[in-house]
Structure formats: structure tokens, C-alpha cells
Amino acid sequence: MPKRTDIQSVLVIGSGPIVIGQAAEFDYAGAQACLALREEGIQVILVNNNPATVMTDEACADVVYFEPLTVASVKNIIERERPDGLLATLGGQTGLNLAMKLEEAGILEAYNVELLGTPMESIKKGEDREAFRQLMHELHEPVPESEIVHSVAEAVDFANTVGYPIIVRPAYTLGGAGGGIAESEEALIRIVKGGLELSPIQQCLIEKSIAGFKEIEYEVMRDSNDTCITVCNMENIDPVGVHTGDSIVVAPSQTLTDQEYQMLRSASLKIIRTLGIVGGCNIQFALDPDSKQYYLIEVNPRVSRSSALASKATGYPIARMAAKLSLGYGLHELKNPVTEDTYASFEPSLDYVVVKFPRWPFDKLVHVNRELGTQMKATGEVMAIERNLEAGLQKAVRSLEIKTHGLSLPSLSQWEDSELWVIVKKADDRRFFAILELLRRGVTIEAIHEQTKIDRFFLTSFAKLMTLEKEIAGQSLDDITSDELSTYKKYGFSDEWLASSWGVGLADVRHTRKALGVVPSYKMVDTCAAEFEAKTPYYYSSWTGENDLLLPEKAKERVLIIGSGPIRIGQGIEFDYCSVHGAKSLRARNFEAIIINNNPETVSTDYETADRLYFEPLAVEDVLNVIEVENVDHVIVQLGGQTAIGLTKGLEEAGVSILGTTQDVIDQLEDRERFYEFMRSVEVPHIPGKTAETKEELLKAAQSIGYPILLRPSYVIGGQGMFIASNQEELAAFCEDKNHSVTFPILVDAYYPGVEFEVDVLTDGSDIFIPGMFEHVEKAGVHSGDSMAVTPPPTLEAKWKQQAINYTRQIAKGMAYKGLFNIQFVLYDEELYVIEVNPRASRTVPIFSKATSLPLITYTIDVLFGKTIAELGLSAGYRKESPYYTVKAPVFSYQKLAGLDPLLEAEMKSTGELIAISKDLPSAFRKAFAWGEEQTPALFRKKGSVFCQVDRAYDTEWQPLLRQLKEKGYSVVTEEAMSFSEWLASEDAICLVSVPAPGQKTGKQNREEALKQRVTVVSDLATFEKMIECLEVKDGEPFLLPDVVMN
């Protein structure tokens, strides 16, 4: 069917800020979809309040609204723009749920907006557990014995009939939110109660557990002609019981017989046809490895996390094709852009193995429950491509950046067998490494299979790696042969691991390996197992077979951008935005842009972003291999976050020069003693501090500086390991806490709780350009990534802005650096101090780019290649402030991470961010707080009761807020009047204000309990003050940046 001509404009709903279960994959999908629609001459109107996304660029959409993802907000946009169609299946669960509410409210019908792609009826059949189960019964497709419940009592009755364990799956939630496996009635009551509260339709599916079965996924496409294909099938190494987002996944499936593969493929095609889905769909099965009986677990009637993985694993652009199908095209009419010869109806085939490995946040969030179940906890993931499973696993582990260059976590080697078995049976994020450790100690494959139900095929691969490890340990670099080294490399052992095993330097292994002729070949991802010639410049390394890499004759300078790896707390999608724009700017300036990265969720790993893409670990060995095979002229590290910065030393030692910076400059800013020395040399005040090499020195330093103090490790992201101590007892307790590994040397800073603000700076080595300043709402001591912030600064006096500009200029002139950097200041006691200088693009660069409509990354590329600030047409100094306010607000994933205290501290906890823009500040804050349909605080919806636990140290700030709260009609409850548990059980409970004394964590249990009951928790009075100021502000009109920027 040809493209429809009656659709001229389409509203696309984005997925909003990153939360666990909904990350960068929807930026990739959304950007692809928007570009696909624009290729067809469709006007694209986008609503998405995530500023760090590529899809919110002017190049992706004709009109961009950074507005709340609520029914009221989207209704206003529809009223203003009058789109012909709405595309909601590319915005994750957020987009689907919002589309459903718009339809139920009659808004789509009232404004004659057609839901494109998958019909609403099909969405409901896939998402509504009761409708889905009924349909599967009609199709005779087996589902686990189950019951739909709307109350806890119904759940208990079902469990009493079928027995425990029971799996709970709430309807219309994200990443398994609210779900879990209940081993007892007590656990069932707790999980179902939470699940019903999280489900927008107050519905849960509870089913007899089939934990231990194989979990298999199919990614399927269908067009309106009923043509269907399977794009990719994937197998979870972890059996059913661990959320697929927390499972190690391989593609294609490794343990299915052809009969099993075809059986599940046929079922997938039958299901997508019956549901009537147009576009992409993810279908998950459980397969009994003994009886071959299968059960359908669930269907995602939208582009999903697995879609992004399948797209990168195969090269088949699922989101792009889904967008075209929504306009009426058939699969047979769309060319596959990878081959440019075959059509989209041609099923991909793979001649390699793909391994996806989750990246969890437990290295930062040490007190969180690490146990894995049906509720997702990973913040991101990595993908590795190889010719065998063993090498794929090794590559994936090395891509995680978890301080290991092999297959062991050093801490586990000290554990007793009994301790290892606990995490193997219960499954937490260390399970894979615990299994390997047990295999090292001689535990049999059969014993591990019995306890985990992981297929013996996978365990045999694990055991093979352990056998090779032992063999390598008995070798030496001097005696190694070419064949032996080739074998070790073929199975994925890194140069760094070999160097460590043989007690030699990394450069020694590299030199010997190259002398023996053991070098990687590069293979192409082509969707067709080399059956057709591919045009895509998308490569992975292997140590077997011939080289597919055919480089064009070198007519341009080649520039390598090192990406930022997996999404994690402290290093998110913002850095991918920077990498993507870096590549685009290089190509526009007649350079060949090359990207190396390993995150399957991102736009940077789309094969169309750069001239060539390498899907590799971000380690010195792998980056050097690419530099050598490409004969790279320049390397950029400042766009890839701390990951890329961390590679500078190893690259420099290998003779690679870095654009704009050196390791010496990085050390000058990251090493705190050198940093203080540098600050003194440029005559800029800094926070007083000392470096401690031992615990004794730490206690002495704290005593001499004076409490409160802030512990600050060097070379970390997201404030990892930071801690504020108000006295010696707190500091001693922190040092003794087994959950924290205090690594020395460590910096001891004085803690100044003043007004914090930050600047992003572009420098050509002489002049500076500051696009804006962000003033933080919360005082210094709350990590900048977890602070709300406003630009332009609403309370900062002109003299302090000028002082900051002067200090910035002095720092830029003194540090032999070109490009983007970030400075954080604190104003305390009428004195301005520098907290830190980050020699790279920061997480606020995309926000300033969006809020000012300035191409900051393009400017950065120009500066790196010799242009001055003046030659860019920019006025040196501080850009004129905008006549509107942009509020940046952090977004947390507390519901997914049991045990995480929502207290704002020095260590970052947020997983994403959003922006809200308005001409007046209260309206901007209102949009920031009430940013999503399900996320609007209860405080904004009704006038209930607020429970207050505020330490007396804050009486001066607290009493005026208390009066305002009462004047606005809210009731205030204290512990003297009512117990917390009694208040929480009341229908009026809407908000807990829990602010312990500085440095204290009292009230943690109450904060956690309030979160479980979906009650708003506020732990900082400055945040609460902003909430109160905008409580009675009406929802503002949709705000378009060009309206103001052009005037």
C-alpha cells in the first residue's frame, strides 16, 4: 500500500526523562522515527521534556515542546497545532499510557487526531492483562495459570488455590514496576498492594511462578497488509524470574532446536497478526527445557528496550521502519538502508553472536537491595559483537567499566563458597561472577545448573573460559607462541588481563602480540550474513577470519570520538548527545568522523551518525586498535564524559595526542593537591582542603580543617564516594561502614553550605564564551546532578556573576586547554569559591544548547581545530541572559530500588532530568514538579495533610514555610499530634517533609515507607519552598522557544 496522503502533520510523544526501564533507547527510536517522518514530507510536532535527547533537536522535529507529559499539556498542544495524527508507540510506556488517556478523555476524537500505527484496541489488548489473557485463550496460546485481580484479597485467594511462589505483574507499568515474586502470603500482600497503586487501571495479573524456564524473546514487525517478519530472536541466559532488562541476553538464541525456534516464531507471528499491531512488537516466551511446553509471558505493543537491542544487533532499523509503516507503507515497499538492495520484508540473519550485559547502579547506591527479580534495576546496558559466545561475554564485561579487565570481581575471590552460593541462588548483580568463581574452585556445571536452571550450554562456555584462565596463568610472555596467543585472543582475553597474569606491562603484551602478527580483523554488521553486499560502515572486531574493513582512500582527516559507554548514574544520555553532535559537526566540516562506543540504546551507535562506527569496549587496547587500523589523525575525549577522559593517559603513553587537552591538564584539575596549587597560581579562591593517605591522616585533616567536612575522591563521576560529616563520630562510622570502600588518597574539603551555581565554558585557549549560568535551588552539599537549577540565575547579584566571569577567564587562560569545560562555584559568607573544574563537556551542555538555541558542540569542534571565539561570531564573556526561565529538575527511580533513601546528599542518585521553560519562574517550577501524568505530586492535586519531621536547626527557614502551607489550606501534622504510621494510613496523607540535621540520616525508614505508598517525599527545605511558591499557579500555555529566541 502506498503512503497515505491525508496525513500532513504528526504529533510524536517522547518518553520523557530517563528512569530505570525507560532509558536512551527511546531517544534512538524517537530520533529515527522523527527523521523518517520528515523524509516523507510530514511536519513533525514533538513533545518531550528531556533536554539531553537528540530527538529534541531542530534537525529531528519541525516544532519542539519541552512541556509536561500530561493530558492537559498535550491537549493544549493539540489545540494549538491541530495535528492530523498522533504517534505514541515510540515514547515507551509513557507515550502509550498518555495516548490511552487522551483517547479515553475524548480529546483525539474532539480534535480529529488519528492514532497512527498500532490501533488503540490493539494497545489495550497487549497492555491490559485481562484482555490479553482472554485473547490468548481464544488463540489457544498457552499462558501460565493466572488470575486478574483488583484487590489484595483476590490475590491471596488465588495463591491459596495454586500455591506459592506467585509472580505479580501490574498492568500498564514500566520495567516490571510494582511487580515481583512472592514466596509467602506476607510478600504477596506487600507486592500486590504496591502494584495496584502503580497500575494506572489498578489491575495486576498474578500467576503461578514458572521461574527457571528459559526466557526467549522475538522482535516482530507487521504492516497494514498483514505482512509479518521476525527481525531477531534473543535468549536470556538468566531463566524466567529475572527481568529481561536485568538478564544477560544473547542473539541469536543459542540453545533452541530448530523445531523450538520455528514453534515460537510461528506463535509470534500469529499473536502480532491477531493483535493487529502495525509496526514493531516484542513478544516474550517461557520455554520448559524438559517438556518443550511454552508459555506466553507478555507482549509489548510498541518499540521497546529490546527493539533497540535488536536494531543494533542486526542493523535493521526497527523504529524507522515502524514510523514508515504507520503512514501506510508495506514492508515490501521499503528498502533496507543497510544493503540498499534488499527490502524491509527480508528477515535479517546473523553470522555472529551478540551479548547484552546490564549495567547496575550498585557501585554508587551501596545500601540498595541488589537482589534481582521481575522488577528491573539496571540503569543501562552494553552490547558486544563477536564470532563466539565466550569472546562476546568477555567483551561485554570489559565494556561495563566496573574496574575489572577480566572475568573476576576481586572482592569475590575472598568470599567463602557458602557466601558465593547465596548470591548464585538468589541472583543479584554479581551472580555471573560468583558462578565463575565457583567454577574456578572446581564446582561442577551440574551443581550450578541444579541451583540456577541456567542452560548447561552457557555454563559449559563459562567453564571453558575458566580452563583457559588456568592455562594462561601457567604461561609467560617470553615463551608464548603465535598460535597460543591467537587462541587466547579468539576467546576474548584482553591484553590488560594477560599483562596482569604474566606480571608484565600492557605495552609489553601489545608489542609482543603485534610482533607475532596477532591483530584483530574487523567484521561488518550487514543484516544478511554476508549474503548481499552491505553499504553500512558498522564494524566489530574479531580475532578470527578475514577483514571486512575496506577503507576509502584517505582524502580527509580522520577524527575519532570516544563515546561514553553504558548509561549509569552520573553519566547519562547527555554525553551521547555531545558525541552525536560532534560527529555531525565533523562531517559537515569535511572530516571523516569515527565513533567507538558500546551502548546499544543510543543515537551515537546508529550506523548513520558517523562515517564509521566501531562497537567495542572503551578500553585502551580496543581504542588503539581502531586508531591504528583507521590511521586516525585526531582523537576527541572531552565529549564522552569521564569514560573518555579516563582513557587519555593510556592513549598518550601509546603516542596518541588528544585534541584540546593533555593528561597533565586533566591531572592538574582532578588531582586535588595539584588543583589547589593551580588555583593559587591563577589567584582564584578555592574551598580549603587537604589530601589524606590513611585513615589516621583523614581524621587529623578533618580536625584541622574543622567540621563539617566533605570527603571527595578524585577521578569519579556522579559524586561517587562523597560524604558530608558533621563531627568525628560520623566520619569514623563512615570509615567503618562495610558498604563503603574508602580508597586512599582521599580529599578532605571544608563544607560550605552556600549558594551553588555552575557555568559551562567554551574556550579557545585565550578568550571564553559562557552561554549561561545555572543557579542551584538546593545549597552546596547536594550533588549538582540531583539539584534543581535555574537559568538565568534568579537571585545571584550582578557583582557575583561578574566575579565568576573574571575567575573563569583566569582559569581558562592558565590551563592550556581548548574546548568545553565546567566550573562549579559556591557563594558563602560573602565570598566566592571554586568547588571544582571539570575538563570536559558537562551534563548541562545539552540544556544550554536547547535553552539558547546555540550549537555549542559545533562551536567546540571549530575551536578544537583552531578557530577563535571571535571568528565564531561570538562575543567573549557572558552571553546576554534570556528573557525567560529554564528550570532543570532531576528525576529519580526510587520505586525500582528498594532501600534507596530519597534524602538529597553529596552522592548523586538521579537517573535522568527534565527541563521546564516559562516567562515567569513559578510557572516554570510548576511544570518541573508536575512533569508527568503519573508523576505530579499529590500536593498539586488535592489539599491534604503534610507530615513534618524537620530538625530544629532549620527553624528559621521552616517556620515561614509552615505558615504559608497553612494559609494555602493544607493541614500540618507532627509526631507529637499523630504517629507517622497512623498518618500514612490516612486518606489525607499527601506529602512527607523529612529534613534531618546536617549530615544526619534520621527518618530514613519513614521516607522509604512514604515512597512505597506513593506519597511525595521532600528532604530539602529549598525544594519545598519552590513547591509552595507554585502550588496555586495554573498550568501554563505551551511554550515554544523560537517564540522568544527570535524576538
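Backbone N, Cα and C atoms are what each Cβ position is placed from, and that goes for glycine too.
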One of Glu830, Glu831, Glu836 listed by Swiss-Prot as binding ATP 2 at the site of Arg712, Ala750, Glu756, Gly781, Val782, His783, Ser784, Gln824: Glu836
Other C-beta atoms that fall within 10 angstroms of the C-beta of Ser784 (ATP 2 binding site): 26
Spatial neighbours of Asn838 (Mg(2+) 4 binding site), counting only the binding-site residues Glu298, Asn300, Val782, Ser784, Gln824 and Cα distances within 10 Å: Gln824
Rounded inter-Cα distance in Å - Gln824 (Mg(2+) 3 binding site), Glu298 (Mg(2+) 2 binding site): 46
Recorded ATP 2 binding residues, Arg712, Ala750, Glu756, Gly781, Val782, His783, Ser784, Gln824, Glu836 - maximal Cα separation rounded to whole Å: 17
Integer Å distance between the CA atoms belonging to Val782 (ATP 2 binding site) and Glu298 (Mg(2+) 2 binding site): 40
Secondary structure composition of the domain 'MGS-like' (937-1047) [DSSP: H/G/I, E/B, coil]: 48 helix, 19 strand, 44 coil
Per-state residue totals over the region 'Oligomerization domain' (402-549) - DSSP helix, strand, coil: 81 helix, 11 strand, 56 coil
Asn300 (Mg(2+) 2 binding site) and Ser784 (ATP 2 binding site), distance between Cα atoms, whole Å: 36
Cβ atoms near Glu836 (ATP 2 binding site) (within 10 Å, other residues, all chains): 18
Cβ packing number for Glu298 (Mg(2+) 2 binding site), 10 Å threshold: 17
